[in-house]
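Reading through the C-alpha cells given below for one structure.
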Amino acid sequence: MGVTSDRVEYVCRYGGNGTTTSGVNVSIAAEVTMEIHSVCLPPKESTFQKLKHRLSEIFFPDDPLYRFKDQTWCKKLVLGLQFLFPILQWGSHYDLNLFKSDVVSGLTIASLAIPQGISYAQLANLPPIIGLYSSFVPPLMYSLLGSSRHLAVGPVSIASLVMGTMLSEKVSPVQHPTLYLKLAFTATFFAGLFQASLGFLRLGLVIDFLSKATLVGFMAGAAIIVSLQQLKGLLGIVHFTTKMQLIPVLTSVFHHTKESMKKPKLFWISAAAPLTSVILSTLLVFLIKSKVHGISIIGHLQKGLNPTSTNMLYFNGQYLALAIKTGIVTGILSLTEGIAVGRTFASLKNYQVDGNKEMMAIGLMNMASSCTSCYVTTGSFSRSAVNYNAGAQTAVSNIVLAGTVLVTLLFLMPLFYYTPNVILAAIIITAVIGLIDYKAAYKLWKVDKLDFLACICSFFGVLFISVPLGLGIAVGVSVVKILLHVTRPNTLVLGNIPATQIYQSLNRYKEASRVPSFLILAIESPIYFANSTYLQERLLRWVQEEEERIKANHESTLKCIIIDMTSVTAIDTSGIDMVCELKKMLEKRSLVLVLVNPVGSVMEKMHRSNFLGTNSLFLTVGEAVADISASWKPQP
C-alpha cells in the first residue's frame, strides 16, 4: 500500500463550469493542509470462513436461526414448531374480538371465492367442482403453514389460464377428460414440489427474474386473452377454438357469429357482486327454463368432500414432461403472485412475511392439494384485498372460508345446477380486466425504457405467440438488460465542487471543475471478465479525449489518472489483469495510475496479485490529489 499517514501542503487552482483554470485564468487559490490516510486490508480470514460468510449472505440474509441462539433445547423445540406452523405462535394470543373480525372477513371472501372457484376451474378446462375443492383444502393448509395474516388462498386466473393453455395444447380436455385431469393434478404436485424446494433451498432469487415490468405486460396480455376466450360463454358459441392467441380467438368469434344468434341467451349480468349475480341468474334460469331453451348451464355437481386423487398422479408416460413443465411455469407464476400479494398487505399493517417460508408453505399446500383433487392455488390479489378491507386479523379467515366451502360441498351443490355459464364468463372478465394496469405501463415508459420494452415484449408475446413463450421472451429481455448493465458499465469523469473535498460527475454538477493535470474517473460496477475489455477500451478513450481537450485549450499537461473504485463491489482475475495492463499502458505514456477507495474484497485480491505499489492507493480522491500535487511541487 505504501501510503503512510503524514501531512502535506498543496496549492489547487479551480475554475467553474467544468473547466480547468491555469495561467491567467486562475480564479481561486487556496493552500490546504491535509492528512493522508492509509488504505487498509480487510481482517484476515481463512478460505472456509470466507465461503461460510458468502454463503450465509446469499442464502440466509435474514439469519433465520437467530431466535434459537442461547435457548434451551425445550425452548428450541417450541420455537421450531412455531417456525414450521406459525399458527402456534399467534394462536395462544387469539381472542373473541379477533375471531369476530375473522368470521366477517371469511364469510365475505367466501361469497367471492365460491363463484370464482367454479369460474377459474373452467378457465383451466377443469370440471367446475374442482374449483370448489381447490377453495376448501388449500385455505386450511395455508392457515397452518402460512405467515401472512391477510392472504386469501384459492384458484387464481393467471395460473388457471396458463395450466389450461399448456395442457390443452397437447391433450384435449373434451376427448381425453380423465388424462387431462391426471395431468392437472400431476402438474399441481410438481408446482408444489418446485415451490417447496425453492423455499427449502432458499433460492427465492429465481422468481426475482420475473420483474415488475414483465408481470405488468404478461398480466395485461393474459387478461385480454382470457376475456376474449369468455366470448364463448357470453355469445353461446359451441364450436370455439381452443387456441389462446389473439388472431385464432378473433377468427373463431367472427366465423361463428351466426351460430351465436340462433339461440336466446343471457348477455351481460353485473358481476360486481359475484355471489349475488350467481344467485339471481340461477334463480332466473330456473324460472324460465320451461319457456327458454338453449341456455348453457353448469349442470350436475357432485356433493361431498374432496375425493382422494393420489391414484391419479401421472408419474410415467409420454406426457410426464408436459406435466413437469406446466407445473414449473404455473408454480413460478403463482408463487410470484402469492408472495407479492402477501408482502403488499404485510407492509400496510407493518409486519413481515418471510419469503422463503411462504415458498415452503405454498409448495407444501399444493403438494397436499394435488392428492385431494385440487389444482394449483395461491394467494389471490382480489380476494386478499377483500379480506383486508373486511377487517381480517389472522389466517383464521381462511379457515372460515374453508368451512363455508365445506357447507357448500355437503349441502348446497344442487343449487348450482341451473347456474348459467354466461354469468361465470362475466365473473371471469370482471376479475381479470383489473389486471390491465395501463398506469404502471406508462410509468415504466417514463422511468425506464428497457423495462417498458420487457413489458411490451411480454404483452405482445402472450397475445400473438403463446402464454409461456411470451413470458419467456419477456424474461429474456430482462436478462439481456442485466447483461447490458454488467458488460457495459457506466464510467464518469469527476470534478471538484469548489471550496470542498467532494468530487462528483462533471456532467451532473455544472459547478464542478476539473483539476489541472489530473483525469479523475469513476467506475460504477464490478469488474469481471465480461466487462474488463470494454472498461479498458473506455478508460483509454477517456484519456485520449482528455489529452485532446487539453491540447485544444492549451492547459496543463495530463500527468495522473485517478480511478475512484468506491462503486466497484467485486473484481475477478480478468479484472485485475485489466488494471495491471492499463497501468503498464499508461506508464508508457508517462502517466501515473492511482486507485481510490477499493472495497475490502477488491483490496485483498489486488494485494495478493502484487499490483499494489508505492503511492498507488488512496482513501479519497481529495487525498490522492493533495499527495500527488505535493510531490510535483519544487522542493526548496
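From the backbone N, Cα and C atoms, a Cβ is placed for every residue, glycine too.
Automatic, uncurated: that is what TrEMBL annotation is.
Taken verbatim from TrEMBL:
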| type | residues | note |
| --- | --- | --- |
| TRANSMEM | 179-201 | transmembrane segment |
| TRANSMEM | 213-231 | transmembrane segment |
| TRANSMEM | 266-288 | transmembrane segment |
| TRANSMEM | 319-341 | transmembrane segment |
| TRANSMEM | 395-416 | transmembrane segment |
| TRANSMEM | 422-440 | transmembrane segment |
| TRANSMEM | 452-480 | transmembrane segment |
| DOMAIN | 508-628 | domain 'STAS' |
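Within the same chain, residues 151, 153, 156, 158-159, 162-163, 166-167, 170-171, 179, 183, 186-195, 198, 204, 206-207, 210, 215, 353, 355, 358-359, 362-363, 366, 376-381, 384, 468, 471 sit at least 6 positions outside the transmembrane segment (319-341) and bring their C-beta atoms closer than 8 Å to a C-beta of that stretch. Secondary structure of the domain 'STAS' (508-628) per DSSP (helix as H, G, I; strand as E, B; remaining residues coil): 55 helix, 21 strand, 45 coil. Highlighted: of the candidate stretches 179-201, 395-416, 422-440, 452-480, 452-480 has the greatest count of Cβ pairs under 8 Å to the transmembrane segment (213-231). Outside the transmembrane segment (452-480) by six or more residues, the chain places 161-162, 165-166, 169, 209-211, 213-218, 220-222, 224-225, 244-247, 329, 333, 441, 444-445 with a CB less than 8 A from a CB of the stretch. Mean pLDDT for the domain 'STAS' (508-628) in the predicted structure: 91. With a cut-off of 8 Å between Cβ atoms, the residues of this chain six or more beyond the transmembrane segment (395-416) that come close are 86-87, 94, 98-99, 102-103, 105-107, 109-110, 113-114, 117-118, 128-129, 132-133, 135-137, 139-140, 142-143, 146, 148-154, 278, 282, 298, 301-306, 387.
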